[in-house]
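> OK, Swiss-Prot features for this one:
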BINDING   T10, K42, L74, R88  substrate binding site
BINDING   T10, F11, H18, G89, L90, R91, E99, N124, A125, F126, I127, S128, S129, S130  ATP binding site
SITE      H18  site 'Transition state stabilizer'
Amino acid sequence: MKRSCIYPGTFDPITNGHLDVIKRAVKIFDRVIVAVAKSDSKNPMFGFDERVTMVERSVEGLKNVSVEGFDNLLVDFAKSHEINTVIRGLRAVSDFEYELQIGYANAALWSEFETVYLMPSLKNAFISSSIVRSVLRHDGDVSALVPSQIFSLLKG
């Protein structure tokens, strides 16, 4: 039986921390779907199609990883793919408090829904999309924070 998971996020933009979690998930699961949330309510810096493209470029060459956009409930997206496991990255205790609430809410919507929490490596633990956006707004260098495949897209 194939073990599959979904790694959802806004990825505004995708960071080395996200990519780190994806690479860790690939070691555990046979198939990983990176699900890019439309998330209009978050007022993303980058458009939906741009974010999907950035994630696609970032995971090129990773076996058994695919990228899809979604604009519905995560649980509904998961059911449509017959996958009941989601991966979430944790950097700090504050992340866990938020993610635990989301995990419980998803489980309330679908009792078979499981959330697996993975930590990025220490060198990527401080990286967040918010930090990257802040550095970009101030014309700073984000080359150490994001996958090299998307660096040119961020500066464009």
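Glycine is treated like the rest: Cβ placed from N, Cα and C.
Burial and contacts for the listed features, if you can.
Secondary structure at L74 (substrate binding site), as computed by DSSP, is helix. Close to L74 (substrate binding site) in the fold, though at least 6 residues off in sequence, lie I6, P8, A35, A37, V86, N106, each with a CB less than 8 Å from its CB.
Counted within 10 Å of its Cβ, the other Cβ atoms near I127 (ATP binding site) come to 21, all protein chains included. Classification of I127 (ATP binding site) by DSSP places it in coil, neither helical nor stranded.
According to DSSP, H18 (ATP binding site) is assigned to a helical segment. Using a 10 Å Cβ-Cβ cutoff, H18 (ATP binding site) registers 25 neighbours.
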> I want to verify one value. Collapsing DSSP to three states, which class is L90 (ATP binding site)?
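The residue in question, L90 (ATP binding site), is coil (DSSP, three-state).
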> Just jot down the residues in the same chain as A125 (ATP binding site), at least 6 apart in sequence, with C-beta under 8 A of its C-beta; none if empty.
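Set apart from A125 (ATP binding site) by at least 6 residues yet with Cβ under 8 Å, we have G17, R91, A92, M119.
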> K42, R88: which of these binding-site residues has the sparsest Cβ neighbourhood within 10 Å?
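Among the binding-site residues K42, R88, the lowest count of other Cβ atoms within 10 Å belongs to K42.
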> Note down the number of other Cβ atoms within 10 Å of the Cβ of T10 (substrate binding site), including every protein chain shown.
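Counting Cβ neighbours of T10 (substrate binding site) within 10 Å gives 17.
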> Select the closest residue to E99 (ATP binding site) from the following binding-site residues, measuring between CA atoms: T10, K42, R88.
R88
